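One structure below.
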Amino acid sequence: MSGQDGETLDGIRRRIDALDDEIMRLISERADCAQEVARIKRAADARAEFYRPEREAQVLRRIQAANPGPLNSEEMARLFREIMSACLALEQQLSIAFLGPEGTFTQAAALKHFGHSVNTVPMNAIDEVFREVESGSAHYGVVPVENSTEGVVTHTLDRFMQSPLSICGEVELRIHHHLLSTADALSRVERIYSHQQSLAQCREWLDARLPQAERLSVSSNADAARRASREPGAAAIASEAAAELYGLNVLAANIEDSPDNTTRFLVIGPRSSGPSGNDKTSLLVSARNRPGSLHGLLSPFADNDVSLTRIESRPSHCVNWEYVFFMDIEGHAQDAHVAKALAELKQEAELVKVLGSYPKAVL
Ligand SMILES: O=C(O)C(=O)C[C@]1(C(=O)O)C=C[C@@H](O)C=C1
């Protein structure tokens, strides 16, 4: 057998072997560099942070911009994410608390962000993820914050009102829902378990294809998959990972109503990230109780050319009928124009808490 210019299959495979040797040598050299970086960080500060989200974002953005193909940029970044994950594990073995159980989209988001060389630790609730990181039992946590079709996860926003933790990253994940069951046909499905957000995201498909089946909301899609694996006649709406983990058949794939159904997750940790050159800042702001106060909260951004990309109001839980605003703005709190806007905002607002500055999601 020979290729276009007469090279035999054996010949190409010999070339691949030689390239693999070279790739391995280069990865090992890179890992040596990471160990050297760790020594420098340790010498500078005994309690040094080894994980540097801003540097990781810069590495991945540079790789995506320089990628010559034929692999697409997302795929190339995914490979480098794993190399970096393995290098970081040589510096420090990270444990990452996530909203479990095993097989949730939040776990997929944690692995997408940190790569597979970390320990992911499932928690039963968003509150427990926060507590695990607050107590120092886990280095970082990953929690869902908003979905493109169903809106914000209010539990996560509310938890920031009391938490000393900062946001140090964000992850965006395209969400594909599958109908999973031990049954082998749709006609045998009597009950469907899923998280209420997933049931909502597949409402039209369910109305059209399984109108007679009972819909039951449970704490997570992975919990739904676990139930479906035990109960005849039951199905779950969950991910492909959950299908594998619980040994279920995919009765129907990609049943979400919106084809670009995306969920955004936040990475929480003891401090926010340094500037990466393309960042976001999340704020918790409460207005003074006087006329025009909302206008006063927004004008510092307009006056300093800072884009406000999201504003969400939530009851403050301190005083009845008082509200706090969660805001996302473009830029890092250390960028001069953002720092100026924040200083002006502090003059206007009752309270301004910077929840964190962090690199915009890369992949
Ligand atoms: O540059 C650093 O600070 C490193 O520790 C190296 C490295 C990498 O492998 O590129 C590893 C971990 C950090 O999170 C960021 C980058």
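Just so you know, glycine gets a Cβ as well, placed from its N, Cα and C.
TrEMBL annotations:
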type   : residues : note
DOMAIN : 3-95     : domain 'Chorismate mutase'
COILED : 9-36     : coiled coil
DOMAIN : 95-270   : domain 'Prephenate dehydratase'
SITE   : THR263   : site 'Essential for prephenate dehydratase activity'
DOMAIN : 282-359  : domain 'ACT'
Exercise for the section: Using DSSP, tally how many residues of the domain 'Chorismate mutase' (3-95) sit in helix, strand and coil. Expected result: 69 helix, 2 strand, 22 coil
Fill in the blank from the handout: On the coiled coil (9-36), the mean of the pLDDT values is 97
